[in-house]
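Here's the structure we're looking at; comments come further down.
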Amino acid sequence: MTMSNYQRQLFAKHQQLHALLRPFSAPKIRIYPSPEKHYRMRAEFRIWRDDEQLFYAMSRGGALTAQNIVRLHNFPPAYITIDRCMPLLLDALRADPVLHHKLYEVHFLASLRGELLVSLIYHRALTDEWTAAAKALAKRFHILLIGRSRKQKITLERDFILETLNVDGRAFHYHQYEQSFSQPNAYVCQKMLRWACAQAGENAGDLLELYCGNGNFTLPLASHFRRVLATEISKSSITALQENIFLNQTNNIAVARLSAEEFTQAWQKERDFYRLKQAGIELADYQFETVFVDPPRAGIDDNTLFLLQKFPKIIYISCNPHTLAANLQTLTQTHELCAAALFDQFPDTPHIECGVVLRKK
């Protein structure tokens with residue numbers, strides 16, 4: 001059997017990750033593939049004008065110019081509700097001067113539940129006339145709609161979608177906000193959640209989660225621990241997390257608005273934080289058996305790495321295997337790698353999402 005183009009890409013990613021993890025005596029890497037199309041739950045496009053015609057546009061690389069533009073009517077990598085809506089929405093925008101005048105970008109955000117939120121971004125102020133036309137458009141296409149321009153945002157119904165992810169037979173519900181981070185590939189995200197829960201096992205102790213975002217991992221992992229302390233610095237992410245905790249009726253998660261660096265200072269008693277007292281959090285009450293981290297592409301700072309070395313078990317999700325490998329230089333001084341996985345969140349791109357588990361030697 002010959003390999004498909006997707007299988008070749010995935011094999012190349014596996015080889016790259018294997019080479020990066022080989023110095024740390026990594027076990028066999030489990031591979032979690034993506035559907036080959038209709039996997040992206042969010043997509044953003046420029047609007048391009050050509051002879052009074054409107055097109056969705058992407059760049060072949062670099063700045064968007066007439067020489068490197070890719071004109072689109074639909075986008076097969078996008079989730080089916082986005083892909084089907086794109087050409088119909090474009091026709092409707094073309095036909096209405098109020099809606100297409102100085103329209104600059106269109107952003108789509110979809111959920112497996114079938115909800116679709118569309119953001120229209122303009123280089124002009126939005127008027128009552130625009131609002132009336134936008135309401136008619138939203139009703140016609142059964143979508144949530146937001147209009148944006150400089151210092152202006154008009155939300156016609158709400159600025160988030162409802163998502164439901166299934167993990168080992170249990171449904172977890174999320175508010176996913178426009179302009180806030182959420183996992184772009186819901187199919188692979190569910191595989192990541194199942195893997196993380198399997199690695200967590202059943203624990204009598206507590207979980208520390210750094211960089212928790214909107215609670216994507218927090219909620220499924222909470223059922224595997226006595227208590228969870230989740231930290232995040234973004235106020236908008238914390239708002240979404242608290243809503244999602246309420247939505248799922250989870251009662252063993254405490255939330256601290258701290259960066260990873262600030263938590264390290266608090267844990268090592270280098271600094272007192274009023275935010276912890278305000279939330280009623282006493283760090284001395286926790287018995288952390290596991291720490292879960294999903295850091296930004298830059299990886300984890302040195303002080304936080306030294307903090308992680310104190311915990312028996314580390315589950316590390318990475319969107320940049322190169323910074324993961326750099327962080328493992330420190331973490332494997334005290335821990336050994338006992339599990340590794342590749343999650344293909346981004347087919348047809350060189351990006352690699354991966355996870356590792358480390359146990360104290």
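A Cβ is built for glycine as well, from the same backbone N, Cα and C atoms used for every other residue.
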Given Swiss-Prot annotates Gln183, Tyr211, Asn216, Asp294 as S-adenosyl-L-methionine-binding, which of Glu157, Glu232, Glu270 belongs to that site as well? Glu232
Find the shortest Cα-Cα separation between Cys319 (active site, nucleophile) and the binding-site residues Tyr211, Glu232, Asp294, and name the residue that gives it. Asp294
If you count CB neighbours within 10 Å, which one among the recorded positions Glu232, Asp294, Glu353 has the smallest count? Asp294
